[in-house]
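> Take a look at the following structure, please.
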Amino acid sequence: MISYGEQLSSPAVSPPLVRAGLRGPMMHGATFAYVPSPQALHRIPGTSAYAFPSLSPVALTEHGCPYGEARERHEPLPAKLALEEEQKPESGWAQELRRTAMTLLKLPLMVTFLYLFVCSLDVLSSAFQLAGGKVAGDIFKDNAILANPVAGLVVGILVTVLVQSSSTATSIIVSMVSSGLLEVSSAIPIIMGSNIGTSVTNTIVALMQAGDRTDFRRAFAGATVHDCFNWLSVLVLLPLEAATGYLHHVTGLVVASFNIRGGRDAPDLLKTITEPFTKLIIQLDRSVITSIATGDESLRNHSLIRIWCHRDPVEASTSMARAETNISRTHGNATMEKCNHIFVDTQLPDLAVGLILLAGSLVLLCTCLILLVKMLNSLLKGQVAKVIQKVINTDLPAPFTWVTGYFAMVVGAAMTFIVQSSSVFTSAITPLVGLGVISIERAYPLTLGSNIGTTTTAILAALASPREKLSSSFQIALCHFFFNISGILLWYPLPCTRLPIRMAKALGKRTAKYRWFAVLYLLVCFLLLPSLVFGISMAGWRAMVGVGAPFGALLAFVVLINVLQSRSPGRLPKWLQTWDFLPHWMHSLQPLDHLITHATLCCSRSEPRSPQLPARVFLEELPPATPSPRLALPAHHNATRL
């Protein structure tokens with residue numbers, strides 16, 4: 001029988017046996033092998049403790065097996081949790097009772113933090129509207145600019161990012177169409193832009209999981225799959241709409257075919273729960289933004305902060321001037337009283353109040369999200385996590401496997417209809433994607449269903465319009481609905497067409513390696529690039545074609561070369577099989593990463609090695625019966641003897 005020591009690359013020397021006063025025969029076993037303890041393993045530079053299914057610590061080093069990918073491939077749970085579970089002694093009934101009580105205590109705390117998380121999103125939206133609501137109204141007011149489809153798309157993105165609410169942006173568009181200030185055909189690109197702008201919220205939420213690279217990679221991929229779907233859909237459907245008027249004609253036929261009657265407002269299911277808390281912080285009069293957008297300058301100097309409210313909550317509230325200081329007053333047949341929120345008597349301008357609320361809501365959002373992730377990480381581990389992962393990510397049995405994704409879309413649409421906000425739903429599932437509970441392949445159809453769910457809310461809201469405005473309002477809501485349906489038909493039915501998943505995974509890997517790339521992505525995709533396109537579109541369509549055509553051709557060439565380099569490099573010339581002929585900064589983010597690292601005074605990515613420790617540690621092959629892999633370490637290292 002081959003001893004353990006003979007299988008090591010460098011033979012281990014057994015220490016001399018200390019003969020004590022023992023009676024009876026002494027048995028000499030095989031040569032001792034060194035297995036580092038978890039404490040010693042953490043002191044080895046460049047290694048990371050990882051648990052295989054046998055829960056034995058193994059050092060994954062520079063031998064071509066990235067730690068994050070290997071951990072996700074073998075075990076979805078963090079190695080630290082698995083090691084803690086292995087080292088935890090068996091508990092009695094008292095410890096079991098204490099653990100159960102702690103679990104029951106965490107559940108109401110999780111519900112509380114989730115409630116505060118949703119409320120912080122509502123306050124965040126109000127903060128953005130205070131800071132940039134009137135600017136958004138001014139942007140909508142220039143009809144000559146909105147007649148350009150590309151400019152209309154950019155306006156939709158910027159306005160939705162400014163007010164952090166696609167519902168507010170859509171209501172402004174519906175009001176402008178209803179009043180005759182904007183044609184339906186000109187409003188369709190703005191609807192597309194608002195669909196892109198609303199996806200910025202869950203991308204911001206994903207930034208809160210930047211502490212762990214593996215979680216951040218999954219969370220950012222799960223958040224940006226929404227962005228990728230919206231951008232790809234716009235790249236196909238916007239030129240199609242500009243050339244043929246596809247959405248305008250289809251929705252016009254639907255409106256003309258049905259005898260549509262006005263209905264009730266969309267149900268406020270989530271707001272009924274959150275408004276008692278958010279109304280104590282701030283209350284806004286959003287009609288000011290709509291009035292500015294429709295050309296009514298009488299409310300130009302009015303504040304968005306609501307001062308006077310109706311006593312009857314069913315009636316619409318009317319905003320009064322801040323100069324009134326009475327506790328109650330009569331307006332027509334309605335008795336009004338002063339609103340009850342923190343900023344009701346403030347003398348600060350709207351911008352200052354908006355910045356205060358922006359900072360406070362971001363702090364509350366980050367705190368709630370971090371605590372939620374920690375509690376989910378403690379609850380969803382071991383067998384519980386495996387069961388939940390299996391239930392959520394498992395497909396239906398054959399031959400109905402293909403139905404699973406569409407069923408997830410129905411679930412996403414229903415949940416979004418209940419909470420009345422796609423941002424809230426997608427922001428809620430983003431931490432679960434980061435923890436690995438929901439796979440990105442399952443998060444993708446849930447997000448598509450969320451897109452559909454938010455359009456059904458807009459349709460119900462359009463049905464509440466007056467009869468003379470019903471037709472145009474309903475047509476705009478249907479344009480939003482058919483835009484998302486068309487995008488699903490383009491990018492979901494066939495597995496080969498699900499490009500948003502592959503694009504999101506590539507973005508996730510990039511941000512896990514360079515975490516500053518996530519902030520750069522947000523600034524470029526939702527602010528700098530739309531602003532640049534908007535500025536070029538102001539110069540006319542000739543400037544758009546002159547700048548956009550060469551840039552589009554260059555982008556298409558780079559994408560084509562990248563695909564050929566990864567799949568069939570032999571078809572390319574030798575000098576084009578890699579991008580090494582270009583300067584390093586043109587095909588790699590490492591120079592920029594080095595610059596940003598030094599500019600922010602961050603520590604270097606590589607840890608200094610001790611001269612007493614080896615540069616590399618390699619795994620050794622073990623017989624199948626051995627429960628714990630071993631490392632070839634020098635004899636002077638502290639190790640646990642087996």
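Backbone N, Cα and C define each Cβ position, glycine as well.
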> Look up transmembrane segment in Swiss-Prot and report which of 149-166, 221-238 it refers to.
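Range annotated as transmembrane segment by Swiss-Prot: 149-166.
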> For the set Asn333, Asn638, say which residue Swiss-Prot annotates with N-linked glycosylation site.
Asn333
> In Swiss-Prot, Cys339 is disulphide-linked to which residue out of Cys309, Cys366, Cys368?
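That record, Swiss-Prot, gives the partner as Cys309.
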> Is it the case that Leu595 shares a side of the membrane with Thr401, at least as far as the topological domain names in Swiss-Prot go?
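Domain labels match for Thr401 and Leu595 in Swiss-Prot.
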> Looking only at the topological domain 'Cytoplasmic' (491-516), how are its residues distributed among DSSP helix, strand and coil?
20 helix, 0 strand, 6 coil
> Least buried of the recorded positions Asn301, Thr511, going by other Cβ atoms within 10 Å?
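It is Asn301 that, of the recorded positions Asn301, Thr511, has the fewest other Cβ atoms within 10 Å.
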> Give the distance between the Cα atoms of Thr511 (phosphothreonine) and Asn301 (N-linked glycosylation site), rounded to the nearest whole Å.
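Cα-Cα, rounded: 43 Å.
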